[in-house]
Amino acid sequence: MERRWPLGLGLVLLLCAPLPPGARAKEVTLMDTSKAQGELGWLLDPPKDGWSEQQQILNGTPLYMYQDCPMQGRRDTDHWLRSNWIYRGEEASRVHVELQFTVRDCKSFPGGAGPLGCKETFNLLYMESDQDVGIQLRRPLFQKVTTVAADQSFTIRDLVSGSVKLNVERCSLGRLTRRGLYLAFHNPGACVALVSVRVFYQRCPETLNGLAQFPDTLPGPAGLVEVAGTCLPHARASPRPSGAPRMHCSPDGEWLVPVGRCHCEPGYEEGGSGEACVACPSGSYRMDMDTPHCLTCPQQSTAESEGATICTCESGHYRAPGEGPQVACTGPPSAPRNLSFSASGTQLSLRWEPPADTGGRQDVRYSVRCSQCQGTAQDGGPCQPCGVGVHFSPGARGLTTPAVHVNGLEPYANYTFNVEAQNGVSGLGSSGHASTSVSISMGHAESLSGLSLRLVKKEPRQLELTWAGSRPRSPGANLTYELHVLNQDEERYQMVLEPRVLLTELQPDTTYIVRVRMLTPLGPGPFSPDHEFRTSPPVSRGLTGGEIVAVIFGLLLGAALLLGILVFRSRRAQRQRQQRQRDRATDVDREDKLWLKPYVDLQAYEDPAQGALDFTRELDPAWLMVDTVIGEGEFGEVYRGTLRLPSQDCKTVAIKTLKDTSPGGQWWNFLREATIMGQFSHPHILHLEGVVTKRKPIMIITEFMENGALDAFLREREDQLVPGQLVAMLQGIASGMNYLSNHNYVHRDLAARNILVNQNLCCKVSDFGLTRLLDDFDGTYETQGGKIPIRWTAPEAIAHRIFTTASDVWSFGIVMWEVLSFGDKPYGEMSNQEVMKSIEDGYRLPPPVDCPAPLYELMKNCWAYDRARRPHFQKLQAHLEQLLANPHSLRTIANFDPRMTLRLPSLSGSDGIPYRTVSEWLESIRMKRYILHFHSAGLDTMECVLELTAEDLTQMGITLPGHQKRILCSIQGFKD
């Protein structure tokens, strides 16, 4: 009894100790001896003197346990205790065992040092089995789990004081495969009490995380099990790369490593607990899942229902394009206030105050519209928009300051100015722009004190006079002129509508004083200064002898001049016939060759504007309507506009303007181009409609070319035009240049940028700012300075600044290259110095990709270093016409000669290869489209490409024969 009593007493004491708190995992119990309702009936081996079952009463409930305290002094203690068969089922592959036990301290036995063979540990073992094996112990089949040692052992003193501690041991059994198992406890000599044994497995419980629900999950035998969550109602998976919500169930039944999460849909936000998505209340919105919470509707917007994703603007308020739902709604501004003006001559200043209501925006802008009316505002006469001569400073649109300066107005005319206030939401509603207007009647523009009357013709009883009006009259201006004519005997007044008058019924050989003034609905203007004119003396009835001699001499002189003209025209016709026979000209310009006026420099005129009118047609600005800016020229902006000549239909034109800030000497340079164009008439030369020189801004009006400059047109339509279309365009350019050369003009700036294309793909030569007249067909023009377009200019023109028709032929070859390369820049990124050196060394541009061989041969002929060997434009035109008539000849692709490839001096490869990288090489031969093909094939160095064959290129996906030929020819050039 000595070994039993102390242990039993200890059990009664320790059962009163609290158990440790449960784990977070969900535990499913398979066996728990502490809940047993009767004796456990476990297998004891040996049946006696070993483990024994004990019963204790706790709070009226029996508690069954096992204890073993062997006789001390024996070293061969071998006591076994086996549990009943524990059914595991098919679910859990990993179970846990929890032991509650006490162990007596060996030193607490009588003797102090502990009895012989006393131990303080015992062993836990298990055996798997698909069924109950009965009372057969089968010790060899058990596998050891662990050696169980007590953290706290007790002594007799602990029993007496009631401080015995209960030990708890947990261990796991993994990767179980049978339907059940047995537990066994092997005691090698410890005094131990097995208070309870619990066998269980763990599950990850159902849970919520990140607005996603995760189900109850069984862990795996080892490692983590990934489980996908399900988003709660009105929630969606995050669009971020983390993706849908996921968590990982650990073998211990705990949720670990959350990845991703759900977010509430637009119109919903997380509830206070973060476990549900609730609708945004009315008056608030949530536009996207990136917004953390519902937001209050911005000003002037509302959301009447719950769950709104956007707040709608209230009536009369809007959001400007590009403004998001988070921006407050705003309205258009009210009209400008207190519009006033001050006038000085034909200039006007308008001022106004900002609108009283800006609509809640800061981007208020103003627009000013000008109308010229035949009557006053009270008369209600018809009005039309002001012409191009009216200018607004700083502008008429998008004004940020409430003021504008207007000039270019006409005297004695009625104007109405309308000022509109606009902001970012103007025009979004049904209401129009808020505006205010003012009507103004202009007075006298200026004094006529500087007006000069000029005598046109005089006779004994008539005087024809003309004068320059102070400003051109516009339609509806109702201007008339009143002349005051007097001499010593009479005085008369006469009114005319034009600045020209024929005074009749005058006295012969009499002096008359004449002055003029303008009459308008506002009243008469001031008179001009007095001018004296004298009529011719009366003609006598008979001729004197001297007069008869003069008449005879005049007749003889006229006959001689007529005879000289006839001889000159006969010889000229003979020369023209001989020239046509030599050149076999076919162009339309040969059919009607005109004798053109020789080029006259405007500086030779005392009045250069009058010189320009000798070669051009002066247009009335009232016939023009400016639409939009289409470009910026050397002298000013270029506009698209409309020209309506009297009794003719409207036509679209291009309007080049001379800006007011140009230096004083620039305007005659501007008009010089018009004087040259005015002498040309050819379907492939840009047609001049006329000029405006009598009012600022000075303008040149030409026909409008819908497709703009040739180089930009080709870049936009790369691979859309077939070779036949390109040849037709080149034939047109050659025809125009042939016309110029036959009239002894050298262009000096022939390039694709100076060729214009209309809607029918007809090309016309333009930009004659550098054009000069040669003395004869083979003449030269030498310039003293100025910039030269190196990439398009012949070498002799670069070196000696001497320009001929042959230098234009060289430029035409560059234009051909531009056309066949669809607008590429000649010579790429080479500097001008590198271009000049390469040309002097004999290098020429390589053929463009898929360039027909006959066209490249023409290019090379144009680039002959000796200018005498270059073909004339007539032969170029004829050759291009032959190619158009025989399109099959365009199928042959030009060979790529690597000896003509332009090499940059800065490139220095190895082994005779002038390129550092494969991409540089492919770009130089215009095969850069295949850079990825070479990279994918692993050909990243120039040494790798030297052994390529046609079969290799086919396998790489380069199948076009012309492209294969170009690449292989270049490689062969490296080898040579």
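Glycine residues also receive a Cβ, built from the backbone N, Cα and C atoms like all the rest.
Small disclaimer: the values here were computed from a predicted structure and weren't measured.
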Quiz item: Per Swiss-Prot, what member of K651, K656 joins I630, G631, E632, G633, E634, F635, G636, E637, V638 in binding ATP at one site?
Solution: K656
Quiz prompt | N-linked glycosylation site according to Swiss-Prot, picked from N338, N414 | solution = N414
Exercise. Given the candidates S242, S305, S647, S910, specify the residue that Swiss-Prot annotates with phosphoserine.
Key: S910
Quiz prompt | Euclidean distance between Cα atoms of Y930 (phosphotyrosine) and V638 (ATP binding site), Å | solution = 41
Quiz item: When you tally the Cβ atoms that lie within 10 Å of each candidate's Cβ, which of the binding-site residues (I630, V638) has the highest tally?
Solution: V638
Quiz item: Which chain-mates of E632 (ATP binding site) that are at least 6 residues away have a CB under 8 A from its CB, listed by sequence?
Solution: V638
Exercise. Give the number of CB atoms, excluding that of G636 (ATP binding site) itself, located within 10 Å of its CB.
Key: 20
Quiz item: Would you say which of the recorded positions E634, Y930 has the most Cβ atoms within 10 Å of its own Cβ?
Solution: Y930
Quiz item: Which whole-number value in Å describes the distance between the Cα atoms of E634 (ATP binding site) and Y930 (phosphotyrosine)?
Solution: 40
Exercise. Would you list the other residues of this chain near ATP - those whose C-beta lies within 8 angstroms of the C-beta centroid of I630, G631, E632, G633, E634, F635, G636, E637, V638, K656 - in sequence order?
Key: T657
Exercise. Can you see whether DSSP assigns Y930 (phosphotyrosine) to helix, strand or coil?
Key: helix
